[in-house]
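K.L.:
The following block contains the structure, expressed as structure tokens.
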Amino acid sequence: MRRRIPRRHMIIFLVIFAFFCIILSASHGDQSFSVPDHLGTKRPYPITTPHADELIPPPQCTLSQLYLLARHGIRYPTKGDVNKFNELIELFKDVGDEESWWRHWRNPFKKFKAGLLAKTGETELYLLGRRTNSRYKKFLENATYDANLFDFDSSAISRSGQSGVAYSLGLFEGRGSLGQPLFQPVYIHTIPLNEDNQLAIKYDCPLWRSIQRNNTTRKREMSLYVSKHFPAIVDRISKELSISPPLRPIHAEYIHRACGFEIALYNKSDTWCSLLRHDEFKTIEYLGDIGNYYMYSYGNRLNRVMACRLVTNFVERVERAIETRNKGDEPWVRGVLRFAHAETIFFLTTLLGLNKDDEPLKANWTSNQISARQFRSSQIAPFAANFYFEIYTCDSSSTMIRMLRNEVPTIIPGCGELYCSWDVFKKTVRHSIDCDFKRICKHKKHRKHKVTENLVQWQLNQEEGINEA
């Protein structure tokens, strides 16, 4: 006869079993956490392989053009950041015992290298070029480099130009005529910053700069968020390490920033990164998202049109190529490869309506709202962030477009499917084409008539389908 297990023992067993399930679940959650994924715009590019799956075009279609907009690779910190890290050294120099790592940490970042492209950044763009070579192998076999067939553009800031060069080395590796493995020199076009309304957009818009100098909403939301969430972080660190006087709330952001650059440049996470808990990384990450949201994205209505000349140029180039191809004239431009900045990526993201939350990002958002947000700088604009636009010619003489964001195929808002008719795409961006950027960006102190605000409002009203008399 089988012996029955007492009910009391069964309950104890189930409680213990549930406890171990919770422990295992928590352990698994910790293992899945990745610090680089929560570094905002200081996140290294997430793909590090030189290979990609070869493109399979849609049926009866051929890839005829390739457009790229890429952010530069990992850079050195700015002079302001170097000063912040030096301040951390002073705060920690007498903390703990002599063996503590922070008492021996020396700032590896020098001001004379501020903002320059780092070796790891060169590698990011080189590998992006290699993957492009691999993904579009057939397309590139039939289109060797010619300065009339491939346009390379960059902003006038060195890290963008160098990123373009690094990318070209990977893209055309083995296809050139110099040395080994047959390097291909390319021409990279650039224009002065204050004339560049496509790649270094903010430098050519006086109104934008004026708004950002006095962006009270951004300052208020960031200040409220810091005062609400950061004291707990620095209080914990100060108590655990017996830091006196204790750290100020903003020092949590300094630590997060130092961690980000150490990972990006040296793949090192056992110093400043080790001071923060996983939930604290997420907390500090959201502060950066608030800042970028109000500076470069939906938090400022002007940002909705900042990339209008970039999109206009793109549409015009595709239209010229279609016309040339239909006429059977001389070869059309096959590739347009452009290298810029995080804000360029944000401006284009905003114009296209990507990563848009239903409500503006706020300091008082609940943890559930923050966790569910669409706007995440770490995903939108890591180092080497990119947009690819593939232009296809199909048997019916129609033209199709597909977009890749950070090399992931993504539906263009307004298209409904990955492969989108060129005519449908043009309708989605029609109110951004041929914008009068100079008039939109003209600062009020330089004009006689109050036209700029009206132009921005008109542009947005058109975009939102509002009819004006």
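For all residues, glycine too, the Cβ spot is worked out from N, Cα and C.
Copied straight from TrEMBL:
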- 1-29: signal peptide (SIGNAL)
- Cys61-Cys394: disulfide bond (DISULFID)
- Cys259-Cys273: disulfide bond (DISULFID)
- Cys415-Cys420: disulfide bond (DISULFID)
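Describe the structural context of these features.
P.N.:
In sequence order, Pro58, Gln60, Cys61, Thr62, Met400 constitute the residues six or more apart from Cys394 (disulfide bond) in its chain with CB-CB distances below 8 Å.
Applying an 8 A CB threshold to same-chain residues 6+ apart, the list for Cys273 (disulfide bond) reads Val35, Cys259, Glu262, Ile263.
Secondary structure from DSSP puts Cys415 (disulfide bond) in coil. Remark: Cys415 (disulfide bond) has Ser421, Val424, Phe425, Thr428 as non-local neighbours, by Cβ distance under 8 Å and separation of at least 6 in sequence.
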K.L.:
With H, G and I counted as helix, E and B as strand and the rest as coil, say where DSSP puts Cys273 (disulfide bond).
P.N.:
helix
K.L.:
10 Å Cβ neighbour count around Cys259 (disulfide bond)?
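P.N.:
So the Cβ neighbour count for Cys259 (disulfide bond) comes to 25.
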K.L.:
Over all shown protein chains, what is the count of other CB atoms within 10 A of the CB belonging to Cys61 (disulfide bond)?
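P.N.:
For Cys61 (disulfide bond), the 10 Å Cβ neighbour count is 18.
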K.L.:
In sequence order, which same-chain residues at least six apart have a C-beta under 8 angstroms from Cys420 (disulfide bond)?
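P.N.:
Met400, Ile401, Arg402, Ile411, Ile412 - these are the non-local Cβ neighbours of Cys420 (disulfide bond), listed in sequence order.
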K.L.:
Which secondary structure state does DSSP assign to Cys259 (disulfide bond), in the simple three-class scheme?
P.N.:
helix
